[in-house]
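Working notes, structure below.
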Amino acid sequence: MEETYAPRCSMPAELHHPYSKFSDWKFKLFRVRSMERAPLPGEMQLERGALSGVVASAPLGETVGDVVGLPGSVMKLWLGGKSKENVEGPGKRVDLKLQEMDTYMNHLRCLCRLCGGALRKAKGPEHEVQGLLDEASMSALRRVGCKATSWPEVILKVFKVDVAGDMEVVHPPFFCQRCWTLAMRGGGFCSFSRTHVPGWRPHTTLCLLCTPRNPHYRGERKRRKPTRGAQHLAKRTKWDLQDNAAIVGEKRAWRTVIDPPQGPGLRPWVRSSVQRAQWVKSITLCQKEHLSARLLSEDLPVDFLSSVTCQVCDHLLSEPVQSPCRHLFCRSCIAKYIYSLGPHCPACTLPCGPADLTAPAKGFLGVLHSLPLLCPRESCGEQVRLDSFRAHCLGHHLEEVDGDHKSAENSLDNFLPVNKGGRPRQHLLSLTRRAQKHRLRDLKTQVKVFAEKEEGGDTKSVCLTLFLLALRAGNEHRQADELEAMMQGRGFGLHPAVCLAIRVNTFLSCSQYHKMYRTVKATSGRQIFQPLHTLRTAEKELLPGYHPFEWQPALKSVSTSCHVGIIDGLSGWIASVDDSPADTVTRRFRYDVALVSALKDLEEDIMEGLRERGLEDSACTSGFSVMIKESCDGMGDVSEKHGGGPPVPEKPVRFSFTIMSVSIQAEGEDEAITIFREPKPNSEMSCKPLSLMFVDESDHETLTGVLGPVVAERNAMKHSRLILSVGGLSRSFRFHFRGTGYDEKMVREMEGLEASGSTYICTLCDSTRAEASQNMTLHSVTRSHDENLERYELWRTNPHSESAEELRDRVKGVSAKPFMETQPTLDALHCDIGNATEFYKIFQDEIGEVYHKANPSREQRRSWRAALDKQLRKKMKLKPVMRMNGNYARKLMTREAVEAVCELVCSEERQEALRELMGLYIQMKPVWRSTCPAKECPDELCRYSFNSQRFAELLSTVFKYRYDGKITNYLHKTLAHVPEIVERDGSIGAWASEGNESGNKLFRRFRKMNARQSKTFELEDVLKHHWLYTSKYLQKFMEAHKDSAKALQATIDTVGSQETQEDADMSLDVPDF
């Protein structure tokens, strides 16, 4: 028998191992019906009248088999691809056993092969049991010495289960993420936890998967509900409505062909001939390969016919084999049947395996081969023996082919479009892509051969040149010029990275960009902007999780996987038994993966810095040090009236970082050489988001749990070196973290100190409020993270058995365990806001002459405040605000503002005191606000101690009514600690939290832009968009295409509504304003 070019003819003569060619089998398993309906070359020959194998073409009234159309695969049927063609057989009689197997297979696909649990309950992707190891898993296992390349090898070593012989009808094809985790933790050799692997058995009538047992179930009182995992039959299509009458008549006819049940619990079954027709359609697929018994020229007895026909397909026997129960089958049909439905005889259901099949007696074979068949060709009508029937039909086919060639040479019809009738021939451009490929198949082959021979295989250039010549010949010169420009690399379209930069910097959501892309393409006729899928491809290289890297030594308690994107903020938190689930929604990047992406974003700047310093590129592969500024701040309530999700408080907390500098310790140099320094350390463009969480910053327990994994990753990175490819060479980096971008409230939260109203006023020294008011300038920085930890242990254990007040005085205000190390410094932005708040209150008191009055009433204070607001609005154009913000503070702390206030102060002496106080403050302010005070304001730095001493004298004398025994937190830090911090760190302003506060404003805008119903997806969108917004790579494209961005913003309304004043101003909460 010749080999037929069709996927279903690949079944071997004997039953082979079920997974001998797993990839080929899997391809056949997931065939789409449109693929199966496609006319293959072998089938096209059959349509023209030729037989491949032992099949001959039939006249109009006859068919060679029960050919109704190309049927589907039985495995497709079992895997849920059910349709009217493959569920219902001839006469639409349903094969109940195949439906039952379909349900059973659906249950198996929902379970884990190794633990038996439901796949939907295990968070994470599912993995193929017979698949190959992915790159991440293989690299992780290679590091621990496992050289396995496929999952069956790993499963055999870890779970002691051989899955190489699994069958699709018995074993689940997937295993869950939990079992994957166990395999990875065991290094591919062993399992550290006991996993009971269930023993999978074939499907039976009383299968526990299809009909699970329930001990509380009473069958006689309540009807059992269908199982949850079972799939329902497909809905009836509109084609089924035409045969309603036939279906009703068929149901009535079934009663005549079904044998009555033999017992009270037995179900009736369909007649054997109908069952065989269904097997042909769904299992054997031999309609065009085996001969029908209707080709017999004589009217033979029924018993004789049953002896020469196959008990599976009802066709004449082809390569007959005999079972132990003396039933006869075609060799290929019984092999497919046993593989699909199990090793038993189709006729009597007795056990029958592939090894039990034998060849029938020679006498029977002689009778079978001598059967007379009638040739189905109309012009022939001869009676041909069965053994010579194939040669006879092949001769007819060769004659027809020769005749076609002669007629084609003698006529001009060969040059006309081929149309065999039916629908009129459509134009090439109106066809589907698949039909276009089919029509141009020969031309494509010729062009490919020419390109390989003449142009080195560049088929694209050949096709574009042909198109260009066709346009020139048709005088389409404008379109030809555009095509030629595109071929030369100077096309009209923008680069995908440019389009991504425009989308991010103009705050366009994906849907808004897609509408703009379609509008521009439709109106201009050119594809200036790139489609969304190209932008998503460009995004992948810029987001964390794209670049490979390595830590030496490996980070403790951190996964070695490099390709990790946005994860749950609580992942990595080791929960104890007593912990309750966190009432929060949080999303973050893994800290080390985010740092790698940020460094790759600075790759060009780092290489340029090496060249500017005259350092040899290949020699600088180690000794890199990276300084990181960390910032964290709560944003207050940003809740809206719409949106779904868990009822968590909508008080976001943002944790971000900024790469401040990159330096290298070159060989032979005493000091490190700085090759990159962030030019705008307080810009929102350089402050990269790491974590977003909906949590109240006052909730110490939840905040500790959310930031705990970040702290663990941060501490692990301090003791390891990062190996990363920069500039084509692997280089090692060490990271130094400085937590400086925190306000007073957040510092006290992280360091375990009492709240801002505590007696212990300062987070830098141990002074009380009374001590700080008596001695305003002579203090030094004494607190540290390690000291706070030691004091917490004293507070927790009380080793000296002291009273509460004595113990509190000993630990200096430490009341909780510090969980994140912060740098003992002063935040410049919040210092400005806190001092401006204090000056605002001084102005009120001076207007009301509080130095004369003991206890003014609340109404009097309100009137003074109203007068001050009115004067500032009139003279300074300053609108009153509910809470002090950065913009208001900058305008209030000026000489113009104090002059406006002096107009409301009656005493000349008090006016001069106010002017002197503001003048001293204006001279002191640049020292803590400038990025590098030694270079930018050296004179103010030298006079700072004198000015602060004079400032303190004014407060303790002229304004003694307000500062007698008390002083604010930020005024104390301003007067006492600024010179020491500047001498130690070189700057205060560069390490401020202003970039993170500006990012809070961006958060509100991104949230409006990406308003999805789920808070989880909303945080992911905001985090991803904000990261892209801070990309140096995209900022360079934005600088080069400013005009494109301005034109886009002028033509498209990106937000749809004006920004509120709350978003326009940087709103920062300060208590008691």
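Just so you know, glycine gets a Cβ as well, placed from its N, Cα and C.
Note that the coordinates shown come from a computational prediction; the quantities given were computed from them, not determined experimentally.
Under the three-state DSSP scheme, His315 (Zn(2+) 1 binding site) falls in the strand class. Taken from Swiss-Prot, the feature Zn(2+) 1 binding site applies to Cys286, His290, Cys313, His315, supported by similarity to another entry.
Per Swiss-Prot, the feature Zn(2+) 2 binding site maps to Cys310, Cys313, Cys330, Cys333. When secondary structure is read from DSSP and collapsed to three states, Cys330 (Zn(2+) 2 binding site) falls in the strand class.
Sequence annotations record features per position, and here Swiss-Prot assigns zinc finger to 310-349 (among others) based on sequence analysis.
Secondary structure from DSSP puts Cys325 (Zn(2+) 3 binding site) in coil. Annotation comment: Swiss-Prot describes Cys325, His327, Cys345, Cys348 as Zn(2+) 3 binding site.
Positions annotated as zinc finger by Swiss-Prot: 371-400 (among others). Across the zinc finger (371-400), mean pLDDT in this model comes to 84.
According to Swiss-Prot, the feature Zn(2+) 4 binding site maps to Cys375, Cys380, His392, His396. Cys375 (Zn(2+) 4 binding site) has a Cβ environment of 18 other Cβ atoms inside 10 Å.
Taken from Swiss-Prot, the feature DNA-binding region covers 421-488, and the record attributes it to sequence analysis.
Neighbour count (other Cβ atoms within 10 Å of the Cβ, all protein chains): 25 for Asp633 (divalent metal cation binding site). Classification of Asp633 (divalent metal cation binding site) by DSSP places it within a strand. Annotated divalent metal cation binding site per Swiss-Prot: Asp633, Asp743, Glu997, in sequence order.
Note on proximity: among Cys310, Cys313, His315, Cys333, the binding-site residues of the record, the Cα nearest His396 (Zn(2+) 4 binding site) is that of His315. Calculated from their C-alpha atoms, the gap between His290 (Zn(2+) 1 binding site) and Cys330 (Zn(2+) 2 binding site) amounts to 9 Å.
Each of the binding-site residues Cys310, Cys380 was ranked by the number of other C-beta atoms within 10 Å, and first place falls to Cys310.
Sitting within 8 Å of the Cβ centre of Cys325, His327, Cys345, Cys348, and not among those site residues for Zn(2+) 3, are the Cβ atoms of Gln311, Ser323, Pro324, Arg326, Pro346, Ala347, Thr349, Leu350, Cys352.
With respect to their backbone Cα atoms, His315 (Zn(2+) 1 binding site) and Glu997 (divalent metal cation binding site) stand 81 Å from each other. Put simply, of the binding-site residues Cys286, Cys348, Glu997, the one whose Cα is nearest the Cα of Cys380 (Zn(2+) 4 binding site) is Cys286.
Remark: Cys348 (Zn(2+) 3 binding site) has Cys325, His327 as non-local neighbours, by Cβ distance under 8 Å and separation of at least 6 in sequence. Looking only at the binding-site residues Cys313, Cys375, Asp633, Glu997, the one with its C-alpha closest to Cys333 (Zn(2+) 2 binding site) is Cys313. Secondary structure from DSSP puts Glu997 (divalent metal cation binding site) in a helix.
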